[in-house]
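In what follows, a structure is listed as structure tokens, so that the remarks can point back to it.
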Amino acid sequence: MTNDLVVPAIVAVTLATLGIGFYGLRLARTTSDFLVASRVVSPTWNAAAIGGEYLSAASFLGVAGLILKYGVDVLWYPVGFAAGYLALLLFVAAPLRRSGAFTLPDFCELRLGSRRLRTLATVFVIFIGWLYLVPQLQGAGLTLATLAGSPYPVGALVVAVVVTANVALGGMRAVTFVQAFQYWLKLTALAVPAIFLALQWQADGRPAVTPPDGPTFRTATTVVVEHRAVLTLPDGQSRLVNPGDELTFAAGEPVPEVSGAATSTTDWLLPSTAGSDDRGLFATYSLILATFLGTMGLPHVLVRFYTNPDGAAARRTTLVVLALVGVFYLLPTIYGVLGRIYTPQLLVSGQTDAVVVLLPEAALGAGTTGRLLAALVAAGAFAAFLSTSSGLLTSVAGVISTDVLGRGSVRGFRLATVIAGGVPLILALNVSGLDVSQVVGLAFAVAASSFCPLLVLGIWWRGLTDAGAAAGILVGGGAAVSAVLITVLGPPLSGWPATLTAQPAAWTVPLAFTVMVAVSLATRGRTPADTGRTMLRLHAPDSLRL
Amino acid sequence: MLAEVSGRRHRAGGARTELTQQTRVGETLIRGLVRAQLALALQLSAVVLVGLGGLPWLFAIAPSVGRMTVLGVNLPWLLLAVLSFPFLVAVGWTYVRLAERNEQDFTDLVQRPER
């Protein structure tokens, strides 16, 4: 069942992206135009662009998929993704803009005057950027494969090529307009189908989301299993299923319990409770810490702040972003919840990330309305892949061109873009079994354990030294990176070791802060001589023009 | 840029000079501002820490709260999926207003005519 409107919708989004990129290219003439949009981008455009850049595959597809699978406990993902902007606003936005730092490595050098720390920060920016890019490309491959039946590599390849070309040719000015356009596209692409879905749910007589006997199939359904799992059938028998297995269910038959997912109503509907589920509670707090504090350390988020004219504008822009992002995150919950009713087969097949793109046709039927809405959602999903990848690529390429290639020219930036886009593409083509939202969550954990303490202490504490910062990033960030590598590449774990590596932030963030403060105190003699001047620059009101 | 700044420094004098010359008075002024802004940020973080961060703990120790329903929706769903976002925006709006007020107070102090 492929939808013939999906490919035209995706082509239209891609062409619009390239078109706006080309329009920006005509305006971009100098290197400074290219890299920081000459700081003439208006706050509203800038806020929409930041929102557009931020709402990635994880937000557009992953959050709804997680809610479908796990229920109330994962509502912390959207809350945390939005709250990250509040932490950014409270502790970082205005001083960071006043510092004049364009990238995180710039901030290291400006505040602590250390080239070695700069290099360390560069390595982390590239790692986080690539860790975040891989799931975007995978999401593209998955969406196109699900809706248009194309082989998995096609979607990933399309997004990688379009984005690399657009960033290399248009630079950031073009990207700003593209991103702002894509925020509104993404919002529309989730909001309009959500209204139709809600009406359909009313028309169907408001079927219960959590029927007392557990979810059932509304229509006769054939499921092709994608991930190995153990199913517990209603008669109590359990059965191991492998990828490729086909299962057939009659209409009205209950959905079997799937290992790993919260199929039973209570698990899905109610939060973890103390005693019975301490690991669940730890994971929840770890997730909160990673998302609240990780946003400020994401390389593509930071770059945007330089396009604000001054610190006060950066603060106001951040507030608008918080509101825009908050409005968007009201929507994925609707998809996750209605997915319990209309697409329970995804629980069995394991492809919960596809709920947003499959739900319109599943609920409204394969008539014109259903197909049009499915095409709209697919267009929005592609906007998500394109915009987040553009932002990440711009910042990773910026860091590679200035810190690795050592050239500030437009040509160097273009070469760097090709390198920055090529590596994650190769990774995405070779590893396809990763869960979109989990990898993004890990990127947040690494950012929260490395750059968050650096920024917060660097901005508010005079006592920070280069040695302290480097030690904190190496120990805290290094611990988070190890946890990521164990989770992604290592053997499957269970119990506490699994929780501590899958959601590492609750121990790596305090570790990073502690090491950073302790080593700074031990190396007190190394505080830069110009700390007073830097603090003045970071905190003095813009209107004084000191 | 530097010439512009130093030119202005001669004309303006007073607290502005104290700041740019990093005298003890200037240092004290800017430390006061940093402390005020940090205190504000920490206070509002505490509001979020209690208001949102307390929820998993509350649901964990008092499962009955999690089972309460409002308009047919379970309370945790309503709080997290809907109400948390306006709450975050309200805290952010308060911060912007108060932080700008702190900066205005500082500017007034620095630009007060010398007596």
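Placement of Cβ uses the backbone N, Cα and C atoms for every residue, glycine included.
Copied from TrEMBL, the annotated features are:
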- A:6-25: transmembrane segment (TRANSMEM)
- A:45-68: transmembrane segment (TRANSMEM)
- A:74-96: transmembrane segment (TRANSMEM)
- A:117-134: transmembrane segment (TRANSMEM)
- A:154-171: transmembrane segment (TRANSMEM)
- A:183-203: transmembrane segment (TRANSMEM)
- A:282-306: transmembrane segment (TRANSMEM)
- A:318-338: transmembrane segment (TRANSMEM)
- A:412-433: transmembrane segment (TRANSMEM)
- A:439-461: transmembrane segment (TRANSMEM)
- A:473-493: transmembrane segment (TRANSMEM)
- A:505-523: transmembrane segment (TRANSMEM)
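Between the transmembrane segment (A:117-134) and the listed ranges A:412-433, A:439-461, A:505-523, the one holding the most Cβ pairs under 8 Å is A:439-461. Only residues 6 or more beyond the boundaries of the transmembrane segment (A:74-96), in the same chain, are considered here, and those with a CB under 8 A from a CB of the stretch are 54, 58-59, 62-63, 66-67, 107, 284, 287-288, 290-296, 301-302, 305, 311-312, 314-315, 317-319, 321-322, 325-326, 329, 332-333, 437, 441, 444, 455-456, 459-460, 538-539. Put simply, of A:45-68, A:412-433, A:505-523, the stretch with the most CB pairs closer than 8 A to the transmembrane segment (A:282-306) is A:505-523.
Taking residue pairs at least 6 apart in sequence, the transmembrane segment (A:439-461) and the transmembrane segment (A:154-171) share fewer than three C-beta contacts under 8 angstroms. Of the candidate ranges A:45-68, A:318-338, A:412-433, A:473-493, A:473-493 contributes the most Cβ pairs within a distance under 8 Å of the transmembrane segment (A:505-523). When each of the listed stretches A:45-68, A:412-433, A:439-461 is scored by C-beta pairs under 8 angstroms to the transmembrane segment (A:318-338), A:45-68 comes out highest. For the transmembrane segment (A:439-461), same-chain residues at least 6 beyond its ends with a Cβ under 8 Å from one of its own Cβ atoms are 56-58, 62, 77, 80, 84, 91-92, 95-96, 104, 107-108, 111-112, 121, 124, 127-128, 131-132, 134-135, 286-287, 289-298, 468-469, 472-473, 476-477, 479-481, 483-484, 487-488, 503-505, 508-509, 511-513, 516-517, 520, 538.
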